[in-house]
Every structure is written in structure tokens, then in C-alpha cells.
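Single-structure report; data block below.
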Amino acid sequence: MAAKMATMVALVFGLALLLSAAAPAAAQNCGCQDGYCCSQWGYCGTTEAYCGQGCQSGPCWGSGGEAAAGMAGRKAGAGAGVSVESVVTEAFFNGIKNQAPNGCAGKSFYTRQSFLNAARSYSGFANDRTNDDSKREIAAFFAHVTHETGHMCYINEINGANMDYCDKSNKQWPCQPGKKYYGRGPLQISWNFNYGPAGKNIGFDGLRDPDKVAQDPTISFKTALWFWMNNVHQVMSQGFGATIRAINGALECNGKNPGAVNARVNYYKDYCRQFGVSPGGNLYC
């Protein structure tokens with residue numbers, strides 16, 4: 001009996017060591033910053049899609065104790081940051097949209113309410129630092145939206161149907177026959193490797209039905225916020241220039257398209273002025 005007990009103790013101890021070694025490895029591979037969850041798909045975020053079922057590391061929901069309590073607070077709208085609704089007023093939103101020509105398809109498509117509906121699914125947006133930082137993040141988001149859509153004029157990328165945005169080497173999110181993954185929505189999400197996981201997170205088949213982004217305004221804003229939270233949000237502390245690099249750096253930064261960079265910066269500075277905050281440093285890329 002003593003021998004069997006010793007064997008069982010050894011097995012339990014060995015299993016504990018194995019599990020303790022596995023957890024840091026998962027966190028290291030995902031690389032999320034503090035306060036963010038690593039989803040089962042390897043993306044960082046703070047909503048249920050990241051911190052719920054399949055969460056690999058970070059303050060996963062159901063992990064208990066302080067982490068779970070903190071996440072519950074964020075779900076309820078507590079914590080740092082400002083009320084997005086109080087900053088993105090009807091006057092601010094329509095002030096952008098009204099600069100687009102009357103014949104623009106986006107003018108009747110994009111609405112403040114659809115943005116607010118989408119923002120409720122991404123509680124980490126503009127909600128994890130100071131009030132001024134939150135306002136700067138909102139200003140940055142809408143600066144890029146303004147530039148990408150021509151003051152919310154465009155829903156679909158100009159001549160996008162003639163472009164090839166299929167990365168055939170990506171086997172996880174394979175392109176579907178007859179489907180096009182050109183830019184759609186507020187941030188003009190493109191490529192199969194973005195449509196696939198965005199749809200998975202939001203709740204539609206992004207690979208088989210990419211046109212959904214141009215048909216449902218709330219889903220359209222959700223894809224923009226999904227992209228933002230996974231690719232841009234984490235660099236906001238580095239200045240607006242870092243957000244340009246995250247969105248379109250390969251085509252605009254390092255002198256490749258100074259006109260586009262200047263346009264984005266000017267929109268950002270204008271929106272910061274409207275929100276009563278300084279734009280901060282490192283504005284260019």
C-alpha cells in the first residue's frame with residue numbers, strides 16, 4: 001500500500017509540474033499585454049470571445065478570484081476611461097458624415113447607433129487608461145475611419161472587386177470560391193485572414209459571406225472594432241503615428257505616402273481639439 005501511495009503521489013506531483021509549465025508557455029506564445037486575455041484562436045482582447053470559453057491565458061472569465069471580479073467590473077462598464085456614448089455625440093458623428101456628398105452610399109448606411117451597438121461588444125475600447133487617453137483613442141479611431149471611408153462616404157473599397165486579397169498560403173482561413181475579400185466597412189477590413197477570424201468573433205461566416213460587412217451597419221462597425229482591438233489598441237500609448245503604422249504602415253509610413261499620413265494626422269488633431277484633449281506626441285510614422 002505504501003508503495004502504491006508513493007507512486008500515486010509521484011504521479012500527481014509530476015502532473016502538477018506539467019500543468020504549471022504549460023500555462024506560461026501558452027501566455028508566452030500569445031503575447032498579450034497585461035489585462036488582456038488570449039483567446040482559443042490566439043488573439044488578444046477583453047470581451048467574452050477572448051476571455052470566455054477556450055481562453056488560454058490572462059484574466060479569463062471563470063478563472064476565479066481577483067481576475068474574474070475585475071473582468072466582471074469591465075463587463076458592467078466599470079473601470080477607467082470615459083463613456084463612449086458621451087464622447088461620440090450625434091453632433092460629432094454627423095459632423096463627420098455630413099461632409100460626404102449626398103449621393104454617397106455610406107451616408108445612409110453608417111449611423112451613430114450602429115457604432116454604439118458595436119462598441120458595447122468591445123468593452124476594452126477606450127476604457128483601460130485615463131479619460132484623456134480614452135478620448136484620444138476615440139479620436140484616433142474616427143480619424144482613420146474618416147480617411148478610409150472619405151467621411152463615411154464609402155462602404156466598399158473603390159475598385160475593390162478587381163483586387164486580389166486572397167492569401168492562398170493561409171490554410172487556417174482559406175479563401176472560398178467566388179468570394180472577394182476587398183476592403184469593406186469603416187476601416188475597410190480586407191484579406192481572408194482578417195475576414196475569417198473577424199466573422200468567427202462576431203458571429204457570421206466571414207469567409208463565405210464577406211458581403212455581410214457591407215450589408216449590416218452594426219456588423220460593419222464590429223469588424224472595424226475587432227480589427228482595432230487586435231491590431232491597433234495596444235499601440236495607442238506609443239502615439240498616433242504608431243496607429244498609422246499598424247493600419248497601413250507598409251504603404252504610407254517612412255515617406256511612402258506623406259499625403260495620406262498628413263491627412264490622417266489632421267483628422268486626429270481636429271477630433272482631439274473637439275474633445276478638448278492634446279493629441280500627444282509621435283503623430284507621424
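Yeah, the Cβs are placed from backbone N, Cα and C, and that goes for glycine too.
Remember, it's a predicted structure, so these values are computed and weren't measured experimentally.
Over in Swiss-Prot, the protein carries these features:
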| type | residues | note |
| --- | --- | --- |
| SIGNAL | 1-27 | signal peptide |
| DOMAIN | 28-62 | domain 'Chitin-binding type-1' |
| DISULFID | Cys30-Cys38 | disulfide bond |
| DISULFID | Cys32-Cys44 | disulfide bond |
| DISULFID | Cys37-Cys51 | disulfide bond |
| DISULFID | Cys55-Cys60 | disulfide bond |
| DISULFID | Cys104-Cys153 | disulfide bond |
| ACT_SITE | Glu148 | active site, proton donor |
| DISULFID | Cys166-Cys175 | disulfide bond |
| DISULFID | Cys253-Cys285 | disulfide bond |
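Shown on the structure are the features that Swiss-Prot records.
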residue	record	DSSP (3 states)
Cys37	disulfide bond	strand
Cys44	disulfide bond	strand
Cys55	disulfide bond	coil
Cys104	disulfide bond	coil
Cys153	disulfide bond	coil
Cys166	disulfide bond	coil
Cys175	disulfide bond	coil
Cys253	disulfide bond	coil
Cys285	disulfide bond	coil
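For Cys104 (disulfide bond), the nearest of the disulfide-bonded residues Cys38, Cys44, Cys166, Cys175 in terms of C-alpha separation is Cys166. The average pLDDT computed over the domain 'Chitin-binding type-1' (28-62) stands at 64. In sequence order, the recorded positions near Cys55 (disulfide bond) (Cα within 10 Å of its Cα) amount to none of Glu148, Cys153, Cys166, Cys175, Cys253, Cys285.
Of the listed disulfide-bonded residues Cys44, Cys166, Cys285, the Cβ environment within 10 Å is emptiest of other Cβ atoms at Cys166. Residue with the densest Cβ environment among the disulfide-bonded residues Cys55, Cys153: Cys55, by other Cβ atoms within 10 Å.
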